[in-house]
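One structure is given below, encoded as C-alpha cells.
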Amino acid sequence: MISARDLALAFRVALRELRSGQRRLAVFLGCMFLGVFAIAAVGSVSEAVRAGLARDARALLGGDASVEFATQRPSDDELAWLSARGAVSQVVSLRGMARSATPNGPSGEDTAMVALKGVDAAYPLYGAVTLDPPQPLADALRDGPAGGGPAGGDQSDGGQSAGGQTAGGKPGDGTLLPGVVVDPLLLERFGVRVGDVISVGTQRFRIAAALLGEPDRVVQGITYGPRVLMSLQGLERTGLLVPGTLLQSGARIRLPAPGKAAPDVAPDVARDAAPSATGGGASSVTAPAGPSGALSAGGPPVAASPSPASLRSADEATVAAFVEAARTAFPDAGWRVESYSRAVPRIRNLLDRVDTDLMLIGIAALLVGGLGIAEAVRGYLASRMASIATLKCVGGGVATVLWTYLFQILLIGGAGIVAGCSLGAAVPPLAAGLTGQLIPVQLDASVHAAPLLRAALLGLAILLAFSLRPLLLAGAVRPATLFRGYVAGGGNGLTPAGRVLVGLGFAVLAGLVWLFTPDARLAWGFMAGCAGCFAVFRVVAWGLRAGARRAPHAGNPSVRLGLASIHRPGAPTVNMVFALGLGLTALVGIAQVERNLSASLARDLSRDAPAFFFINVLPDQVAEFEALGNTPGVTRIDNAPMVRGRIVRIKGVPVQDVAVAPDAQWAVRGDRGLSHAGTPPPDTELTAGAWWPPDYSGPPVISLSDDLARGFGVTVGDSLTFNILGREVTATIANVRKVDWMTFQLQFAVLFAPGLLDRAPATWVVTAYGTGAGMDGLYRTVTAAHANVTAISMREILAEVRVLMERMGVMFRAMAGVMLATGLLVVAGAILADRQRRIYDAVIYKVCGATRRDILLALVTEFLTTGLVTGLFSAGTGTLAAWAAVRGLLKLPFAVYPGVVAGTVAACVAFALVFGLAGTARALKEKPAPYLRNE
C-alpha cells in the first residue's frame with residue numbers, strides 16, 4: 001500500500017512532468033476526445049428527442065388520450081361516454097386526390113395524392129396550428145369567397161345545392177366555398193396561392209392559408225403526399241366517405257385535472273360533429289337544427305364543451321384510469337386507446353434502435369481509440385524511461401512510479417473526456433435540422449446528464465483498460481537503464497497480478513457495455529463481434545508479417561529492409577492493420593449496402609413493383625379498371641377486395657397482453673387491410689397447412705403471412721380474433737404462406753376463405769403495371785374520371801424512401817467516419833510511439849552506408865505493403881458484411897461495386913504512406929554521431 005505522503009509526492013511529480021511531456025500525448029488526447037464525443041453526441045441527441053417527446057406528448061398525441069374507432073362512426077353510447085369525461089375532438093384521416101384547375105407549377109401537374117384530415121371545432125385540444133397568413137383555424141375552414149383572405153361575416157348557405165354541393169364559380173365571383181389549409185409543397189406543386197381553388201373528390205375548396213405546422217402530425221406516421229386540412233363537414237362534401245373507404249377515425253380527449261368536474265358536453269352535439277353512418281357504415285354529416293345548433297351551413301361546429309385552453313391538464317394517474325375504464329366499458333368495441341405517455345411508439349422504437357446502433361458504433365470507435373491510447377501511453381512512457389529510472393535511483397518505489405504516471409494518464413484522459421462530453425452536449429441544437437427531417441419532433445436543447453455520464457464512464461473504462469499494460473511494464477524498468485543512451489522499453493512481461501489487473505479492467509468495460517445496451521443479446525453479440533474483429537485483424541497482421549518474413553529476397557536491399565521492418569519485434573503492424581482496417585471495413589460495408597439498396601429500388605423493385613396503386617375503388621368501378629388493361633403501355637391489371645379490420649385477440653388473449661415481436665407490432669397498432677380469396681394468389685408458397693377448396697363454406701379460416709405467424713407466435717390451428725365493422729369475428733389459421741413484401745405487389749397479410757367477407761362493405765384495390773407514356777395517360781384517365789379514387793404512384797413512394805435512406809445513411813457514415821478518424825490517430829500514435837526505435841535503426845543503416853534515399857525507399861516499401869494488404873482485406877471484409885446484410889436480412893440481389901473497392905484500397909494505401917512517412921521523417925534527419933558516442 002502506498003502512503004498518503006507518497007501519493008502527494010507522485011501527484012506533484014506528475015504535474016511537473018506534464019509541463020514538458022504533454023505534447024507526446026496529443027494522439028492519446030485526440031483518441032479519447034473523438035470516442036467520447038461520438039458516444040456523448042449520439043446519446044445527447046437521442047435524449048433530446050426523448051425529452052422533446054415527453055414534453056410535447058399531449059400535443060403530439062392530440063390530447064391526454066386518444067381513441068381509434070374500429071368503424072367510421074362511433075355509436076351514440078360510445079360518444080356519450082367519452083363526452084361525459086372530457087373535452088372531445090374528432091379527427092378523420094385518409095388519402096385522396098387534389099386537383100387544380102390552373103396548374104402553374106414547375107411540373108405542370110393538375111392532380112396530386114394528398115393526405116386529407118378532417119377536424120372539428122375543438123381541434124386542437126393541445127398545441128396550435130400554424131398558418132400563413134396567421135388566422136384562427138375556425139376562420140380558415142369556414143365557408144368564404146374564393147380569391148379572398150380569411151373568411152368572415154355572413155356564414156349563410158353560400159349557394160349549396162340540396163345535395164350538399166357548393167355551386168360552381170370562379171375565384172372572385174362571390175361564390176362561397178369551404179376553406180382548406182394546405183401544405184406549402186402543394187402550393188408549389190400546383191403553382192397556386194392562397195385564395196385559389198382546388199378540388200377534392202366532388203367538392204371545390206378555397207385555399208385559405210398555407211399549413212406550416214400541426215401539433216399532432218407525428219402520430220400520423222409517414223404520410224405520403226402533402227397535407228390538406230379541412231373541417232369534418234367539408235370532408236363529408238367530398239363524397240369520399242363511402243362504405244369501405246380506407247380511413248382512420250378517432251377522437252382525442254382532454255381530461256379535467258383531479259378535483260375538477262368533467263365538462264358538460266352534450267352527447268348529441270358531439271355526435272353531430274362527427275361523420276354519421278348511413279348504409280352500413282357510410283359517413284355523412286348532418287347539421288343539428290335549432291338556434292343552438294353546433295353547425296353552420298358548411299362551417300365547422302361550434303364547440304359545446306368548455307374551451308380546452310381553460311382546462312388544466314390531468315395527471316398521468318387520471319389518464320391511466322381513463323384508459324383502463326375505456327377498455328373495460330367497451331371491451332368489444334375494437335377501440336385502440338392510448339395514453340399520452342405512450343404517444344408515437346413508432347418514433348420511440350425507431351429512436352431506441354438507432355440510438356443503440358450508433359452508440360455501439362461509437363463504442364467501437366472508442367475501442368479502436370483504445371489501441372491508440374495504449375500506443376501513445378507506451379510511446380510516452382518510453383520517452384520517460386530515464387525519468388523513471390532516476391525516480392527509482394533516488395528511492396522511489398514501484399508504487400510511486402505507477403501512481404505518478406497514472407495521475408498523468410488520468411489528467412490527460414480526463415481532459416479528453418471533459419472536452420468530448422462538452423462538445424457532445426452542444427450537438428443537439430446543431431443537429432436539429434437533420435433530426436427534424438427524420439423525426440418531426442422539436443428537440444429539447446438543454447444539457448442531459450445521463451448520456452454524458454454514460455460517455456464519461458465508458459471513456460474512463462477504456463482509458464484504464466488499455467493503459468494499464470504499458471503502465472505496469474514501465475513500472476518494471478531497471479535503474480541501470482539510466483546509464484544507457486538508448487532505452488528499449490520496460491520489463492519483459494506482466495506478472496500474474498498484473499495480468500489479473502488488466503483483465504479486471506476489460507471486465508469492467510464489458511460490464512458497462514452490457515449495462516448501457518438495452519438488449520442483452522445485442523450487448524453480448526457486440527462484445528463477441530469486437531473480440532472477433534480483434535482476433536481476425538490480428539490474424540491478418542500475423543499473416544502479413546509471416547508473408548513478409550517468407551517473401552523471396554528482393555534484389556534491392558531497401559525493399560528487403562522494408563519487408564523486414566514489417567515483421568521485426570515491436571513493429572506497429574498489428575495496430576496499423578486493425579486501426580485502418582476496422583474503420584475502412586465499416587465504411588465499405590455501409591457504402592456497398594447503400595449502393596445495392598439504391599440499385600434495387602431503382603431497378604429491381606421498380607421493375608417488379610406496379611406503377612400505380614388505386615385505392616377506394618367502388619365495386620361497380622372494378623370492370624372499368626379491368627378494361628384499362630388494354631391501354632397501350634399497360635401490361636397488367638390486378639385487383640382485390642379489401643375490408644378494414646383490427647386484430648384484437650391472439651389465441652384468445654387480448655393483443656395488449658401478448659408479447660408481439662417488434663417486427664410484427666405494426667399489424668396490431670391499428671386497422672389492417674383484409675381480403676378474401678377462393679384460390680391462392682399466384683406464386684403462393686405455403687410453409688404450413690393447406691389451402692381451402694375454392695367453394696369453401698365452413699367456419700371462418702384464414703391464411704396468415706409467415707412473418708406475422710413468427711411475430712405472433714402462432715401456427716396452423718391457432719386463432720385470431722378481428723373486429724370488422726364493429727363486430728368481433730374469430731378465425732382459425734388454416735395455412736401460413738411466405739410473403740415477399742419488398743416486391744410491392746398486391747398482397748395481404750391476412751386472407752379469409754370465401755363466405756365471411758363476401759357481403760361486407762368493401763372497396764377494391766387495383767394495381768397497374770407498365771412503363772412509358774401509357775402509364776401517364778392511364779393516370780390522367782383515372783383521376784379525371786373517378787373523383788373518389790386515390791392514385792398512389794410507386795415512383796413517388798420509392799423516391800421518398802430513397803431520400804429517407806440517404807438521411808439515415810448520413811448518420812451511420814458520420815459514425816463510421818469517426819471510427820476511421822480515430823483509426824488514423826491510432827496509426828499516428830503507433831508510428832510516433834515507435835519513433836525512437838526507427839531513429840536507432842536509421843542510425844545503424846547510415847553507419848552501414850545507407851543513404852536517405854535508401855531509408856526512404858525502405859519506409860515506402862513497409863507502409864505501401866501494409867496499406868495495400870489492409871486495404872484489400874478491408875474491402876473484402878466490408879463487402880462480405882454488406883452481402884450478408886443485403887442477401888440475408890433484406891433478401892435482395894447483391895452486386896459488388898468496384899469503385900467502392902478501388903477507392904478503399906487507394907485510401908488505405910494513401911493513409912498508410914502519408915501518416916507513416918510523416919511520423920518517421922525525423923529518422924531521416926538524425927545524425928549518427930550523438931548515438932554512437934553513448935554506445
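Backbone N, Cα and C atoms are what each Cβ position is placed from, and that goes for glycine too.
TrEMBL labels come from automatic prediction, so no person has curated them.
Source: prediction; values computed, not measured.
Residues annotated as compositional bias 'Gly residues' in TrEMBL: 145-172. TrEMBL lists 815-928 with the feature domain 'ABC3 transporter permease C-terminal'. The region 'Disordered' annotation in TrEMBL covers 134-175, 258-310. According to TrEMBL, the transmembrane segment annotation covers 25-45, 358-381, 402-432, 452-477, 497-516, 522-544, 574-593, 810-833, 854-875, 895-918.
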Please give the sequence-distant neighbours of the transmembrane segment (25-45): residues at least 6 beyond its ends with Cβ less than 8 Å from one of its Cβ atoms. 355, 358-359, 361-363, 365-370, 372-373, 375-377, 380, 408-409, 412-413, 415-417, 419-421, 423-425, 427-428, 431, 435, 443, 447-448, 450-452, 454-456, 458-459, 462-463, 815, 818, 821-822, 825-826, 828-829, 832
Average model confidence [pLDDT] within the domain 'ABC3 transporter permease C-terminal' (815-928): 81
Among 452-477, 497-516, 522-544, 574-593, 810-833, the stretch with the most Cβ pairs under 8 Å to the transmembrane segment (854-875) is 574-593
Contact ranking winner - 358-381, 402-432, 497-516, 574-593, 810-833 against the transmembrane segment (895-918), Cβ under 8 Å: 574-593
State, in range form, which of 358-381, 402-432, 452-477, 497-516, 522-544 has the highest count of Cβ pairs under 8 Å to the transmembrane segment (810-833). 358-381
If you count Cβ pairs under 8 Å, which stretch among 497-516, 522-544, 574-593 touches the transmembrane segment (358-381) the most? 574-593
Six or more residues beyond either end and a Cβ under 8 Å away: which residues meet both conditions relative to the transmembrane segment (402-432)? 2, 6-7, 10-11, 13-15, 17-18, 21-22, 25, 28-41, 43-45, 48, 373, 377, 381, 384, 388, 391, 396, 442-445, 447-448, 451-452, 455-456, 459-460, 463, 467, 471-472, 474-475
What residues elsewhere in the chain lie close to the transmembrane segment (497-516), defined as a C-beta under 8 angstroms and at least 6 residues from its ends? 359, 363, 454, 457-458, 461-462, 464-465, 468-469, 472, 523-524, 526-527
May I have the DSSP-based helix, strand and coil counts for the residues of the domain 'ABC3 transporter permease C-terminal' (815-928)? 98 helix, 0 strand, 16 coil
